[in-house]
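Trainee: Below are the features I grabbed from Swiss-Prot:
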type: BINDING; residues: G10, L11, E12, G13, A14, G15, K16, S17; note: ATP binding site
Amino acid sequence: MKPKFIVIEGLEGAGKSTAIALCQSFLNSKKIDFINVREPGGTPLAESLRTLVKAQHDEEIAFETELLIMYAARSQLMHNVINPALEQGQWVLADRHDLSSQAYQGGGRGISANTLASLSSMVLKGLKPDLTIYLDIDPVIGLERAKGRGELDRIEQEAIEFFQRTRMRYLELANDDNSIKTVDANQSIEHVHRDITNVLRTFFAEQK
């Protein structure tokens, strides 16, 4: 079986960390050799960019600046970690990927699809996740969960309307792409785990 690229996506408080732990357990049960990455981040430079883009600053950060920082971090991760791992036969399990930029910067910030497509093409060079599990949650519920974890970062402090637009774009993109599987994260954790496991089982059954 060729190495696969699996991504977990969702708004703040959707339960991505728990979902990733479940995926790790599933992959281990299948004796799959895989690595974990997160976006933005995953390399020393990309982690510095993560800190930079999430922090509060004394000046306003332009939407385009935020977008370019995200893609700069993604470029480092692709070049230094993801592409080499896949080439060496390892699977990749990612906490966020390009879909986050399409949803947050495209839907939330209103940056044009053409701009996003241009950056995506330059950085990804055609590489696309084999499976994306999108954890769909009501932004109000998700942000309440996120607040329970501690202080919110710069992006997490955006108005609820920002997250509503982001969610709408996530749902639109998931509806148009068969490789994106939507899981209702408003359910109990037991039901969410069941649905994620079913997605993974179906995905594996379809592989050769």
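Each residue, glycine too, has its Cβ placed from N, Cα and C.
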Trainee: Are there any residues in the same chain, six or more apart in sequence, whose C-beta is under 8 angstroms from the C-beta of A14 (ATP binding site), and if so which?
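Mentor: Set apart from A14 (ATP binding site) by at least 6 residues yet with Cβ under 8 Å, we have L135, D136, I137, G142, A185.
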Trainee: Taking the Cβ of G15 (ATP binding site) as the centre, count every other Cβ atom within 10 Å, in any protein chain shown.
Mentor: 22
Trainee: List the other residues in this chain whose Cβ sits within 8 Å of the Cβ centroid of the ATP site residues G10, L11, E12, G13, A14, G15, K16, S17, in sequence order.
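Mentor: Output for this site, in sequence order: L135, I137, G142, R145, A146, A185.
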Trainee: Show which residues of the chain containing G10 (ATP binding site), separated from it by at least 6 in sequence, have their CB under 8 Å from its CB.
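Mentor: Result: K16, A19, Y134, L135, D136, I137, G142, Y170, A185.
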Trainee: Secondary structure at G10 (ATP binding site) (DSSP, helix/strand/coil)?
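Mentor: For G10 (ATP binding site) - judged by DSSP and reduced to three states - the answer is strand.
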